[in-house]
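Asks: Quick paste from TrEMBL:
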{"type": "ACT_SITE", "residues": "112", "note": "active site, proton donor"}
{"type": "BINDING", "residues": "14, 15, 16", "note": "N(1)-(5-phospho-beta-D-ribosyl)glycinamide binding site"}
{"type": "BINDING", "residues": "70, 95, 96, 97, 98, 110", "note": "(6R)-10-formyltetrahydrofolate binding site"}
{"type": "DOMAIN", "residues": "4-184", "note": "domain 'Formyl transferase N-terminal'"}
{"type": "SITE", "residues": "148", "note": "site 'Raises pKa of active site His'"}
Ligand code: GRF
């Protein structure tokens, strides 16, 4: 049995981490078993840490506040990931800007709550909602040294019939929880 190990990096609520754990962790796709082998969080108070515990998984906390520079923090992430036999790292709500120390050394994908290349950065949900776009959406892309700019792997859009910001946000998360696990399967088990 081929086993592919993933690392999941997160910062907060961890609902996407939970979707990964529910939908693909220790499951077999196309003869490939996908295993969440490493969890890293930069925020010791993140709700995601508790969610992971419910699945019997411990999270390694690497707090960015303990490091003097982005590069030193990134090196700590790289060192941890390299200790494990990781095939793919998944940024699932990991709210740190990464330097080439990370991006040149780690094969990673990122989840972003907009139709890239529109609305890069940390306020994508609000900015897309407040725009006059008739659609919103979600992207998964390869991580590169430019924020939210690596090659797009998957996107899913929805029509603007969601009136409130809350509905807009809920729709985005609902799509994210399907699109990210599906994309991981496609990369690791279908060779896309
Ligand atoms: C998601 O909307 C993701 O696109 C963004 O941060 C959010 C993380 O949510 N980068 P959660 O922590 O997975 O619940």
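Just so you know, glycine gets a Cβ as well, placed from its N, Cα and C.
The model shown is predicted, which means the values in this text are computed figures rather than measured ones.
Give me the structural setting of these features: burial, nearby parts and distances.
Replies: A strand conformation is recorded for residue 112 (active site, proton donor) in the three-state DSSP classification.
In this structure, residue 16 (N(1)-(5-phospho-beta-D-ribosyl)glycinamide binding site) is part of a helix by DSSP. Other Cβ atoms within 10 Å of the Cβ of residue 16 (N(1)-(5-phospho-beta-D-ribosyl)glycinamide binding site) number 24 in total over all chains.
Secondary structure at residue 95 ((6R)-10-formyltetrahydrofolate binding site), as computed by DSSP, is coil.
For residue 148 (site 'Raises pKa of active site His'), the same-chain residues 6+ apart in sequence whose C-beta sits under 8 angstroms from its C-beta are 110, 112, 116, 117, 120, 121, 141. Residue 148 (site 'Raises pKa of active site His') carries neither a helix nor a strand DSSP state and counts as coil.
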Asks: Which one of these recorded positions has the most other Cβ atoms within 10 Å of its own Cβ: 70, 96, 112?
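Replies: The residue with the densest Cβ neighbourhood is 112.
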Asks: Between the binding-site residues 15, 110, where is the Cβ count within 10 Å the lowest?
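Replies: Minimum Cβ neighbour count within 10 Å, taken over the binding-site residues 15, 110, occurs at 15.
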Asks: Checking the recorded positions 15, 97, 148: which ones have Cβ within under 6 Å of ligand 1?
Replies: 15
Asks: Highest Cβ count within 10 Å among the binding-site residues 95, 98: which residue is it?
Replies: 98
